[in-house]
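Report on one structure; see the data block that follows.
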Amino acid sequence: MKVAFVIRKDCKRCATIAKSIIELIPPDWEKIYDTEAAKFLGGVGKDITEISADIIIAIGGDGTVLRILQNAKGPVLGINMGGLGFLTEIEIDEVGSSTYKLIRGEYKINEAMKLKVYINGRRLEDCTNEAVVHTDRIARIRQFKIYVDGHFLTTIKSDGVIVATPTGSSSYSSSAGGPLLLPTVRGMVISYLAPYSSRIKPVVVPSESTVEIKIAGNDQDSLLILDGQKEYKIKSGDTVSISMSEEKARFVSFRESIYDRLRDKVIKHVVN
């Protein structure tokens, strides 16, 4: 078994959690550290783009998990070090018991949809949560034309447009008023950031669809942001194309059902 450890930047506490896991796992398991983890744990660290493992343990939060999914290869086990951590599987007080489950093989690998994204036909990195087209300056509304499978859907004036996966529907899209999609739903959510008209509502389209966002008007420079990790400048006349990727995001899970995650990570926080 090859296990990789990736931790949040400058997080000594994350390294302490990693060390506690290392002390429990079998000595014959091969251990790999990213450059950040190696600072605290010793040894030679690998750049995250060079990491490939049977299990990648992400210690930090959703940002750490998304960074792994965009750059490394292997199913991810996320440990939440604070915040909601919807993409993480376990909390700090569950590390010991979950490590023993990992050793015994009492887990499953869940796959989730990823998006492939193009600017004017040039393919970029895939993303797991969402692709966001956003104004490049604060308080400067933009005009976007949206097409689904080549059919014109709408022209919208807003601060931005979000196209989210079922996994990402609980994140940025949700804060923009988009619906929650269960991971088993084959769809994408198109939602809008501060639309000029309140009559414009989010739309769910089939996962097999291709969504195109065209930057309309003059002097409409904007940004394309993938999972909050990668950022690209786009200008008037550019077209962003988004569709389902051939690749999948893979997560290590100890939960019995997707409803456990929904309850623990979303509903419980809303109710409380």
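Each Cβ is built from the backbone N, Cα and C atoms, and glycine gets one as well.
Feature annotation from Swiss-Prot assigns active site, proton acceptor to Asp62; the stated evidence is sequence analysis. For 62-63, Arg67, 129-130, Arg140, Lys157, Asp159, 170-175, Ala194, Gln229, the entry in Swiss-Prot reads NAD(+) binding site, with the evidence type sequence analysis.
Swiss-Prot feature annotations superimposed on the structure.
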residue : record                       : Cβ within 10 Å
Asp62   : active site, proton acceptor : 21
Arg67   : NAD(+) binding site          : 21
Glu130  : NAD(+) binding site          : 26
Lys157  : NAD(+) binding site          : 16
Ser170  : NAD(+) binding site          : 22
Tyr172  : NAD(+) binding site          : 20
Ser174  : NAD(+) binding site          : 20
Ala194  : NAD(+) binding site          : 12
Reduced DSSP assignment, Glu130 (NAD(+) binding site): strand
Three-state secondary structure, Tyr172 (NAD(+) binding site) (per DSSP): helix
Secondary-structure category, per DSSP, in which Ala194 (NAD(+) binding site) falls: coil
Structural state of Asp62 (active site, proton acceptor), classified by DSSP into three states: helix
The residue listed as 'active site, proton acceptor' versus Ala194 (NAD(+) binding site) - Cα distance in angstrom: 24
